[in-house]
Amino acid sequence: MDFSSKLLENAVNEVSRLPGIGKRTALRLVLHLLKQPTEHTKYLTEALSVLRNEVKSCKKCHNISDTILCEICANPNRHTEVVCVVEDIRDVMAIENTAQFKGLYHVLGGKISPIEGIGPQNLQIESLVEKVRNGEVKELIFALSSTMEGDTTNFYIYKQIEKYNITTSTIARGISVGDELEYADEVTLGRSIVNRIPFENSLKA
Ligand SMILES: [Zn+2]
């Protein structure tokens with residue numbers, strides 16, 4: 001791509017680093033911003049830099065939060081002894097949308113993936129095991145996507161906490177397209193949380 005402006009080229013290069021954005025799309029977005037009032041670019045860059053500088057990870061569940069404890073963990077009406085294990089904030093949002101779950105979450109921050117070099121030590125697994133060890137958790141619900149990485153992660157955690165004698169369950173498999181939680185429709189996802197099955201049963205399937 002030949003640019004007549006170095007400034008334009010730099011902006012396009014930065015935008016095209018985002019996932020799923022090629023050079024052409026980046027150029028379209030940048031040209032769009034140039035046509036808008038200057039404030040729009042200012043609001044966009046400010047929102048991103050404030051987010052980057054001020055966002056926190058909830059001390060208890062590791063969810064993205066504005067405060068030390070996220071709104072869910074700080075809510076006295078939630079059942080603290082039921083913890084749903086998810087990969088990231090998108091899963092929390094999807095499950096919250098169903099309004100079927102009143103427990104807390106534990107956000108792992110990814111899945112075990114040897115190919116991508118992500119091991120258990122790169123995820124928030126130890127803090128989860130610690131919660132179980134402390135007796136804070138009576139039921140753990142595995143809600144990772146049913147991919148090989150999701151299954152590996154579930155099984156790894158299950159092996160770590162098996163001896164503590166708590167209830168473990170998993171949301172029913174075969175949910176919606178692609179098996180990614182974020183794509184499951186609310187009704188299906190809500191139903192699979194209500195009708196969760198004992199984790200041991202999922203191993204035999
Ligand atoms: Zn939290």
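Cβ coordinates come from backbone N, Cα and C, glycine included.
In TrEMBL, the feature zinc finger is placed on 58-73, out of the ranges 58-73, 74-89. DSSP assignment over the zinc finger (58-73) gives 3 helix, 2 strand, 11 coil.
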